[in-house]
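Structure, as structure tokens:
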Amino acid sequence: MGTYVLRRLLTLPLMLLGVSIAVFLVLHLIPGDSARMAAGPDATEADVQQIRVNYGLDRPLAVQYGIYLTKLLQGDLGDSFQTLAPVTEDIARTFPATLELTVAGMLIALILGVPLGVYSALHPRGSADRLVTSIAVLGISMPGFFLGLILMLVFASVLGWLPPTGRGSCAHLVLPSLTLGLPYVATFARLTRSNMLDVLSEDFVRTARAKGLSWSQVIYRHAMRNASIPIVTILGLDFGRLLGGAVIVETVFAWPGMGRYMVDAIMVRDIYVVQGTILVFALSVVLINLTVDVIYGIIDPRIIYS
Amino acid sequence: MDPAISRSTPSQTVFGHIFNTLVKWKDSKLSEIIPDLAESWTKSDNGLKWTFKLRQSVKFHDGTPFDAEAVKFNLDRISDATLGSPNRSLFAGVDEVVVIDTNTVEIRTKEPSPTLLEILTEAYASMNSPTAVKKSGRAYSRNPVGTGPYVISEWIPGQHLIVKRNPDHFGSPGRAATMSFRPVPEPAARVIELTTGNTDIALNIPPESAGAVAQSADLLVEPSSFQIFFELNTTKPPFADPRVRLAVNHAIDRNAIIEKILDGYGRVPEGIFPAGVQGRARQRPYTYAPDKARQMIAEVFPGGYDGTVVMWTPAGRYMKDKAIAEAVQGYLNAVGLKTEFKVWEWATYQKTLYRPDEGKGTGKGSNDANMWLLGTGVTNADWRLRRKFFSTDGSNLTGYSNARVDELLKRAAVDMNYETRMKAYADVQAIIWNEAPNSLVLFDQVQLIGKAKGLKDPEVYASEILRLDQVAKR
């Protein structure tokens, strides 16, 4: 296991290099002019040209990339064209906010979704089962910003229980993380339900029952453990999607996270900001997938990495 | 948050509270310039030398004394090419800044510069602490230090910026002990913040929420210097002939657009300068007269114009931009013009419009279209006119060239007499409006601001910058 993790970690720099080249090329191939966007529509051509020279945007692409890579190796992600602030600093500030939101959203999805799934597997076609199906339809069909505004309207405006936007206290975290997590409740519930149903029909469950274990012991010690492998897989995959979903939720709730930071930068072609944030997103997705692989090995001793 | 560089209006609202400039406009009418950090000033007879007497014993928030050296440092800094200020050109006329003594500074210009004082009122000309600039280096935009009535006490970018009253400020102290500025990008969320009492002032209320805001808070409807228009390519048919440009201005029903698309929150333009722009000369609004428009087009193209008019618009940049462009398309079709419509993403649009395309029509990427939707909110008369109408200006996208306009602008640029200079700008506005427009003018924006009941009004500038230091709860 140790060597496997090490090997995976060693391929990381190569992957990041690939991502950085791809992002760099895409950003330079899509139309738009970073200098013009930094200077604004009311700037003169001379000022725009000066900014282009200052940022080195007038130099050949390969040279620009070389300079970027040299800085990157020293841990410097460059400066924002818009605010002149170092991207590394901005990411260090915004990424924890996004992570906080994503983890909270993920926890909500798990804490509500898995028990709901187990319950509906034990009572197929019962009321819980129908509830899960309805939530699933709603969750899939309702766009994140809409759900966010509805929650804000109900809990902040009508009931006045929670602050509408911003970050700071735990209360601020409730609405955005619900908006992010709720659509995934149904995903996890349905996944848990179908896996549980499969596992419950296996022979070892009958054996476990036959040797005198109580239902709850059978479910938690035997069935859950076997049903959880696909859940962990989806957890890993959805984590990346949740990070992406944070972009919209952050805008609606004025959450100072990296998603909003990245999208704002894309709009104005703030190249280094987009580069830096995508690199960090890519890195986190890779690390999460690695973690998922490690968790497999822990849950299921049959899985051996060599 | 470096005033020499940042051009975002919300940032400039904050700058107004933590910085001072040498001189400032007396009020939002932009008719008189009064002392700020400079107590008085004189200009030499040839108009090439301006001498400023500075206010004494003023200190920056970090304790650095404000003096002539600081003025020189700031003005040299914005002119420095390596800083890359988007507004460096504004200061291009400054030849040299000379320190006479601690409290006297002289600004020498290359040409007589009637606009110098006006430029010094801009947020870009804010006085930063030289010590702080040198100390923070490239991180200065994260640690700005000024002389203003408020001091930054906590700033988490994207979350909030909190300022507290500066007890050592030379002018009238701020009324509120602290103020918090928060970016809330989602309009509906801003409305909820206001109606739940979480915030006292919410900017940019969307027209459709105006009713809801008015129920539980005060709705301020303030003029804006922002005008939205279709620029017309004056270098090729059908808009090469000024008569067709005038004709299309009579082809659209502005009242209907404002009522139906903007819920009534917009104004029918009375000239190319909306309220709040320096030297505004009001003109008679264009009437909605489709028959007259059709006739005027027929004068130029007797059989009707048989080409296709290519229309470009950004989506989501200006209030309801695409919907308005579509309405305009309908009006143009109604007077017999065939149209082709293209919607752009803003960054691509900007790049395309300004892309150099020498030797062809407008000399820019704009040459590929006949009309394109844009807006401007510049309040400085010289700057606003020169960029769009001077024949050889790099920002003139329409290929507009009018000998009389060029002559008037050239004369005004060195005219040290304020009245005759404003007269020249008024003449330019009249020529453009009545004889030779460069655009199909659409509407003047209004600012919709929500304010908690019982709060004293903030001072709202047409440039959409707010002064809040005298706002207090009644």
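Every residue, even glycine, has its Cβ placed from backbone N, Cα and C.
Through the fold, the transmembrane segment (A:12-30) approaches residues 61, 64-65, 68-69, 72, 269, 271, 274-275, 278-279, 282-283, 286 of its own chain, all at least 6 residues removed from its boundaries and within a Cβ separation under 8 Å. Annotation source TrEMBL lists transmembrane segment at A:12-30 (among others).
Look at TrEMBL and you will find A:95-296 tagged as domain 'ABC transmembrane type-1'.
Under the heading transmembrane segment, TrEMBL lists A:103-122 (among others).
The feature transmembrane segment is assigned by TrEMBL to A:134-161 (among others). With a cut-off of 8 Å between Cβ atoms, the residues of this chain six or more beyond the transmembrane segment (A:134-161) that come close are 174-176, 178-180, 182-187, 189-190, 245, 248-249, 251-253.
Annotation comment: TrEMBL describes A:173-191 (among others) as transmembrane segment. Counting only same-chain residues 6+ beyond the ends of the transmembrane segment (A:173-191), those with a CB under 8 A from a CB of the stretch are 100-102, 104-110, 112-114, 116-117, 120, 132-133, 135-140, 142, 144, 147-148, 151-152, 155-156, 162, 164, 167, 230-231, 234, 238, 242, 245-246, 249-250, 252-253, 255.
Positions annotated as transmembrane segment by TrEMBL: A:231-258 (among others).
Here TrEMBL flags A:278-299 (among others) as transmembrane segment.
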